[in-house]
Each structure stands twice: as structure tokens, then as C-alpha cells.
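Over in TrEMBL, the protein carries these features:
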type	residues	note
COILED	371-413	coiled coil
DOMAIN	441-576	domain 'GGDEF'
TRANSMEM	150-170	transmembrane segment
TRANSMEM	177-199	transmembrane segment
TRANSMEM	211-231	transmembrane segment
TRANSMEM	243-261	transmembrane segment
TRANSMEM	267-286	transmembrane segment
TRANSMEM	298-318	transmembrane segment
Amino acid sequence: MEYWQEPAKRSDIERVRSLADSAWTRNASDSISLGYHDSGYWFRVRIDNKTSREAVTFLEIGYPVLDHIEVYSSSSTGNAEPIMLGDKQAFYDRPIHHRNFVIPLTLPASEATTVLIRVQTTSSVQVPLTLWDRDAFYAAEQSRTMFEGIYYGIVLVMILYNLFVFMAVGERSFLHYVGYITAMPLFLASLHGVAFQYLWPEATWWNDQSIIVFLNLAVLFGGTFSIRFINVSRRNHPSLNRWTVGVISAAGMLAAAGLLVPYKYLILPTILLASVGCSTMLFLSIVRWLRNDPAARYYTFAWVFMLSGGILLALSKFTMLPRNLLTENGTQVGSALGVILLSIALADRLNSEKKRAYEAQQKLLGEERKARIAQEQSLQVQREANSLLEERVQERTRDLESLNEQLLELSATDALTGLKNRGHFDREFSAAVVHAYRYGEPLSLLVLDIDHFKKFNDTHGHLIGDDCLKMVAQGIRKFVTRPQDLAARYGGEEFVVLLPETPEEGAVKVAERIRTDIEKTGFRVSDEMLNLTVSVGVCSVFPARADATKDIFRIADEALYEAKAGGRNRVVAGKASDQAEAVSGSPA
């Protein structure tokens with residue numbers, strides 16, 4: 001490759017073609033970096049196709065921020081039309097839609113083709129040329145795209161991770177770090193043409209300015225993050241704090257200027273400030289490491305990686321180093337490693353702060369525990385006395401509750417038969433009627449009377465009569481087994497059975513079982529087995545009033561007398577007309 005610098009006035013293609021070979025400066029490498037110049041440069045490349053067939057190739061200019069590019073190719077077949085490229089033209093005007101400038105060339109068989117390239121740019125004049133076979137180009141592009149995807153994927157994960165941590169813990173260092181790791185990849189995306197390809201393919205002016213803005217924002221957020229993360233305050237490090245604040249302020253002004261001032265006036269001070277900023281951050285991290293800040297070791301290594309990539313890029317721009325794969329992509333590799341290490345440093349810092357807070361909390365808890373032990377010891381006697389008093393009170397309370405329960409049970413129980421007495425029955429009967437009325441449930445009442453009991457009592461005496469009452473009560477108890485059912489002695493030889501949630505059919509069955517069991521059991525007096533029977537009246541209703549107890553009992557009692565009149569030893573259910581009165585809602 002050879003190059004020739006134009007004089008002050010632009011030269012046309014015919015003059016360039018007529019230049020003597022001695023006017024051209026030979027460059028041994030396929031990449032050239034000439035620094036920053038206002039004038040245009042011409043580059044001449046001779047390509048020999050020594051094969052016997054036509055070759056389809058791509059000529060790639062691997063520096064995507066060149067402003068204006070004109071490409072002329074010629075062979076023995078004639079001159080081709082010029083191809084106009086550069087980042088001052090919309091992205092989709094390119095013949096090959098690629099982040100770099102790719103020129104399709106068809107090389108005639110067994111001929112030499114001369115390619116003339118004119119470059120004029122406000123950026124560094126770098127023209128790295130690569131001649132590709134078409135298939136080889138697309139194969140290599142897959143690897144490059146994968147590399148870009150891995151880098152930006154890592155960065156995106158780190159941005160989201162640190163943003164979520166900031167929202168979770170509220171530590172502002174994470175927010176400044178998110179600003180840094182957002183600005184730095186955007187700068188690299190602008191520098192490498194990725195942003196122009198995917199983010200703003202029509203914004204030709206902004207494509208140059210974005211390099212200025214995002215690089216300065218990276219310096220700005222890197223500085224604010226460093227001040228907070230490694231505590232470079234005016235109290236701890238007044239000189240370093242003033243210097244760092246100065247770098248941050250300069251970066252902020254250059255970033256703001258990048259929205260108005262053309263690229264060519266800002267690129268050199270921006271690169272210089274970025275180099276100073278990286279060196280400053282590295283120096284700060286070393287100072288904090290020497291002062292035994294555990295998180296500073298990760299921080300230092302991160303800035304070593306990023307600074308190395310930044311220095312290589314800056315030296316290549318100033319032509320002090322050749323442009324190659326390392327100098328161009330070192331910033332991405334260093335940035336990715338730095339991003340990961342800084343995230344580790346932040347996590348380590350957060351863990352250290354949590355550990356210190358935990359230790360302080362444990363110390364405070366220990367002191368509080370000692371004070372509490374002393375207080376407990378001083379109150380031990382009082383607690384023991386209170387405990388003893390409480391035990392005695394509880395014991396006395398339990399005794400009283402037990403006595404009360406016994407008294408309640410005795411007051412509700414018939415002493416002779418062991419069934420509930422009339423007073424308890426009246427209370428439960430009223431409550432059952434109210435419940436059945438409220439929920440629309442059936443309620444049944446049985447009224448039982450021992451047949452010929454007065455004659456039996458007069459004949460055999462009161463003691464035998466009492467035994468007879470006990471036997472009947474035992475027979476009733478056999479068939480009154482549900483928790484809600486109630487059997488009681490109502491008075492003399494009369495008993496009652498309350499059956500909630502029981503219709504007439506079920507109540508009559510229970511009554512028949514009681515009657516049949518008592519009849520079959522019989523009652524022995526001395527050597528004589530006496531036949532003992534009962535008559536039962538049944539009333540089954542759906543109460544229409546909450547105060548229907550008297551009506552229900554009256555109906556059951558009338559049914560009992562009907563059973564007596566019908567010959568005794570039988571079960572009679574209340575008449576339908578009588579029961580209708582109890583559920584009609586009208587008092588009897």
C-alpha cells in the first residue's frame with residue numbers, strides 16, 4: 001500500500017493517476033495510521049489476480065469513523081465508477097451493510113487491479129485494509145459478531161444486575177457504576193461502528209459527536225463512582241479529591257460541548273482527558289489498596305485492565321503504536337474484564353459493610369444482653385415471688401372452677417335417675433326452639449309416663465318405686481345418644497326427650513324403641529317379674545315462632561293422654577291440626 005498527501009487544494013482523480021511513482025510513499029504494512037490532519041490522503045493498492053478465473057472479493061477498511069471515502073478501481077477492462085463511503089453518509093447507502101466500510105471488487109482473471117482510495121476525515125487518519133474472499137469474509141464475520149455479542153451481553157447483564165442491587169439496597173455507588181458501564185460500551189459501540197449500524201443509522205452528525213459525549217460521560221461516571229466507592233473525600237484525601245473533581249468537571253463540560261461543538265475540535269482534548277482520567281482512577285485505587293481497603297484490590301485490577309486498553313487505543317490514535325487487533329479491541333476486552341471485576345469489587349464492598357454492621361450489631365446486642373442479665377438478676381426474687389403467688393392463685397382458681405362445675409352439674413341433674421332435671425330441660429328446650437325457628441329445622445319432643453305407676457308405688461312402696469324410676473331412666477338413656485339430644489325427668493313418673501333436627505318419623509322410631517325396650521325388660525320385685533310399660537306422646541314441628549315451647553309441650557302432652565286413653569303402652573304422635581297451630585305463628 002502507498003499513500004500521498006494532497007496539497008491544500010483537492011486533487012482530482014486524473015491528476016492522482018498521473019502521479020509519478022516517486023510521489024507515493026510506500027507503507028510496508030496493510031494498515032496505516034497517520035494521525036489527525038485536515039487535508040485529504042490518497043492511498044494506492046495494487047491487487048494481482050494470478051488465477052485463471054475471475055475473483056469476487058471484498059476490500060474492507062476497518063476503521064468505521066472516517067468521514068469521507070472515495071474508492072476508484074481500474075484494470076485493463078477500463079475504469080469503474082467511484083464508490084462513495086464514509087460516516088457522513090447514511091448507513092444504508094453503503095454497498096455492503098456492515099459496521100466497517102466494505103467495497104465489493106470483481107478482479108479479472110490473470111490481471112492486476114489498481115484501487116485508489118481518497119480519505120478526508122476529522123478523526124485519526126487510519127486506513128487498515130483487508131482483502132477478503134467473499135466466503136472467507138462472511139465466515140470471519142460470524143466470529144466477530146459472536147465476539148461483539150458476548151461483550152455487549154456481559155455488559156447488559158452487569159448493568160441490570162447492578163441496577164437491581166441499587167434498587168434493593170439503595171447504595172448510590174451502584175447507580176454511579178451503572179452510569180459508567182452504560183457510557184463505556186456506548187462509546188465503544190460508536191467507535192467500532194456498531195451504534196451507527198444498529199442504533200442511529202441515519203444520524204450522521206450524531207455518530208461522530210456520540211464518541212465525544214459517551215467517552216466523557218464514562219470518565220465522569222468513573223470519577224464519581226471512584227470518589228464514593230473508595231471514599232476519596234475532602235476530609236480523607238483533600239488533594240486527590242480536588243484533582244478528581246477537576247477531572248470530573250472537565251469531562252462534564254466536554255460531554256456538554258459534544259452536543260454543540262464539532263468533533264474535530266474536541267477529539268484531541270477528549271482523548272487526553274480520558275488518559276488522565278484512567279491514570280487518576282488507577283492511582284486512587286492503589287492509594288486505597290495501600291491503606292488496606294479490601295475492595296481496592298479488585299478495583300485496582302479492574303482499572304489496570306481498562307487503562308491498558310485505553311492507553312493502547314490512545315497511542316494508536318497518535319500513531320505511536322500500529323493499529324492492529326490488540327490496539328483496536330483491547331478496550332473491549334479490558335472493559336469486559338474491568339466491568340466484571342468492578343462488580344465483584346462492589347459486591348465485596350457491600351459484603352464488608354454488612355459484616356461491619358453485623359459485628360457492630362452483635363457488640364451492641366452483647367452489651368444489651370449483659371444489661372438485661374443484670375436486670376433479670378435484680379428482679380429474680382420478685383419474679384419468684386410473683387410466680388409462687390400466681391401458682392397459688394391459679395390452683396385456687398382451678399379448685400373454684402371445679403367446684404362450680406360440680407355445682408352446676410348437680411343443679412342440672414336429677415339426683416334419683418341421673419338424668420337432667422326439669423330446670424335444665426326448660427332452658428335447653430327454649431334454646432332449641434329458638435335455634436330451630438332461626439334455621440328452619442325440625443324439632444321433636446317426647447313426653448313419657450310410666451303406666452299405672454301410682455298403683456305400683458302404693459302396692460310395693462316408695463323404695464321399689466324409686467328403683468322403677470331408675471330402670472326407666474336407664475332404658476331411655478340407651479336410645480338418646482346424639483350430643484344434641486336431651487333426656488330429663490320432668491316430674492314424678494314423667495320423663496321428656498328433646499330431639500333437635502329430627503322429623504316426626506325419626507322421633508316416633510326413637511319413642512317405639514324406648515317403649516319396646518322397657519316392656520321387654522320387665523321389673524323384678526322379690527321373686528316376681530312384673531310387667532312395666534310406658535306411654536309416649538310425640539310432637540314434631542318446624543317452629544314458626546321463637547316462643548312456641550308451650551304449644552309444643554301441650555301437643556306432646558295431649559298425645560300422651562291420648563295414648564293413655566287408648567289403652568296405654570303405646571306411642572301417639574300429635575295431631576296434624578294441633579301441630580299446625582304450633583307452626584302457624586299464632587299463640588295457642
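Cβ atoms are placed via backbone N, Cα and C, with glycine included.
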Quick check: do the transmembrane segment (267-286) and the transmembrane segment (177-199) share at least 3 Cβ pairs under 8 Å, counting only pairs 6+ apart in sequence? no
Mind checking which residues of the chain, 6+ beyond the ends of the transmembrane segment (243-261), have their Cβ under 8 Å from one of its Cβ atoms? 209-210, 212-213, 216-217, 219-220, 223-224, 226-227, 232, 269-270, 273, 276-277, 280, 284
Could you give the number of helix, strand and coil residues in the domain 'GGDEF' (441-576) as assigned by DSSP? 62 helix, 38 strand, 36 coil
Need one number: mean pLDDT over the domain 'GGDEF' (441-576). 90
